[in-house]
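What follows is a set of notes on a single structure, which appears directly below.
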Amino acid sequence: MLHVGINGFGTIGKRVADAVRVQPDMTVAGVAKRSPNFEATIADDRGYDLYAADGREPFDEAELATAGTVHDLIETSDVVVDTTPGGVGEANAPLYAEHDTPAIFQGGEDADLADVSFNARANYEKAVGADTARVVSCNTTGLSRLLAPLKESYGVEKSRVTLVRRGADPGQTGRGPINDTLPDPVEIPSHHGPDVQTIFPDLDIDTMGMKVPTTQMHTHSVNVTLESEPTTEEVTSLLADESRLFLIPETLGIDGAGKLKEYTRDAGRPRGDVWENCIWAESITVEGRDLYLFQAIHQEADVVPENIDAVRALSGRTASAEKSIRRTDEALGVGRGLVEHDGSPQRVDGHADD
Ligand code: NAD
């Protein structure tokens, strides 16, 4: 079993911990937190050992038992997933190096903090045996999963993406906008294009970003000029074969992120999480070499399976992306409960037996 420590137990960290917990080859070594807030009580309730990131006194006062300091957690872990807020991972990096513990950072950190920027579908092999990896942001993850099969099958001449981004996560009461539509960032290209190029260095991509008053999901308006001329049906079938892409059938009557989240809550997903890119099947349109589509990305969830694959890659115990992805998806339930784009039930089958 791989002992995985999680440093930072917020939006991403608590989901990564719960995803580690259900993997057959991993166990949660513990989670580090700064404060004994509601998420600390959830960690305690789950049975995760709590480690104090900033001193044990606040936890003692709240009568929450701690197993040690963050140094103890790093020492006891085979791999640490750092899910602290953007920029804090950089400050933590020397701790992991000091303990010689492989570490995974998140998309809020600069790319040069880690040996490799990581997306399981696109470049798993680059991270095998590395000391550090950065799981790219939710938006970059969503674009990488889409572009990888398109590049492989048809070649990509140029990508143009407009990202309509949620203003905040549901718990981020201090963020907005609450009544506006913002070009954000105003500069073009937005930082998303260069971030996608940390995964595909030779990709020609322009991105424009906006922020809108929703906490539900991001929505991408995508135009990719391909190097060859597949039919709409061929592209639909290619994307439907990808385990982390969900093609929303027209018959479901899902017109936006609100109903998508309702669907995954109804399907019994923990926290209503949507780990897959959600592509409106009827939006997939090929005109000549130009592909158009809309996809929604659940910012709180899509990076979670990627973190699990990054743990396996850094551990060096699973050399194949396909095996790791299958194992992660099966244990977590990626695809489960959702129907295929042609209306048949979606399945996750087979066992990764490395
Ligand atoms: P968050 O604020 O929800 O959670 C971060 C947690 O880390 C909080 O519990 C905070 O108290 C704790 N923390 C702060 N300083 C710490 C320290 N020194 N040691 C230990 N814990 C500390 O943040 P988040 O949304 O989970 O984001 C974490 C990372 O994931 C960021 O890099 C972010 O850019 C990235 N990310 C976030 C999202 C998203 O939509 N929320 C999506 C993809 C990637």
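From the backbone N, Cα and C atoms, a Cβ is placed for every residue, glycine too.
The secondary structure of Cys138 (active site, nucleophile), as reduced to three states from DSSP, is helical. According to TrEMBL, the active site, nucleophile annotation covers Cys138.
Every protein chain shown contributes to the tally, and the Cβ of Arg166 (NAD(+) binding site) ends up with 23 other Cβ atoms within 10 Å. The NAD(+) binding site feature in TrEMBL is assigned to Thr11, Ile12, Gly108, Arg166, Gln299.
Taking the Cβ of Ser137 (D-glyceraldehyde 3-phosphate binding site) as centre and 10 Å as the limit, one finds 24 other Cβ atoms among all the protein chains shown. Among the features that TrEMBL reports, D-glyceraldehyde 3-phosphate binding site is placed at Ser137, Cys138, Asn139, His192, Gly193.
Per TrEMBL, domain 'Glyceraldehyde 3-phosphate dehydrogenase NAD(P) binding' is recorded for 2-138.
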Including all protein chains shown, what's the count of other C-beta atoms within 10 A of the C-beta of His192 (D-glyceraldehyde 3-phosphate binding site)?
24
Do you know which of the binding-site residues Asn139, Gln299 has the most other C-beta atoms within 10 angstroms of its C-beta?
Asn139
What recorded positions in Cys138, Asn139, Arg166, His192 place CB under 6 Å from ligand 1?
Cys138
Between the Cα atoms of Ile12 (NAD(+) binding site) and Asn139 (D-glyceraldehyde 3-phosphate binding site), find the distance and write it as a whole number of Å.
14
Sort Arg166 (NAD(+) binding site) into helix, strand or coil using the DSSP assignment.
strand
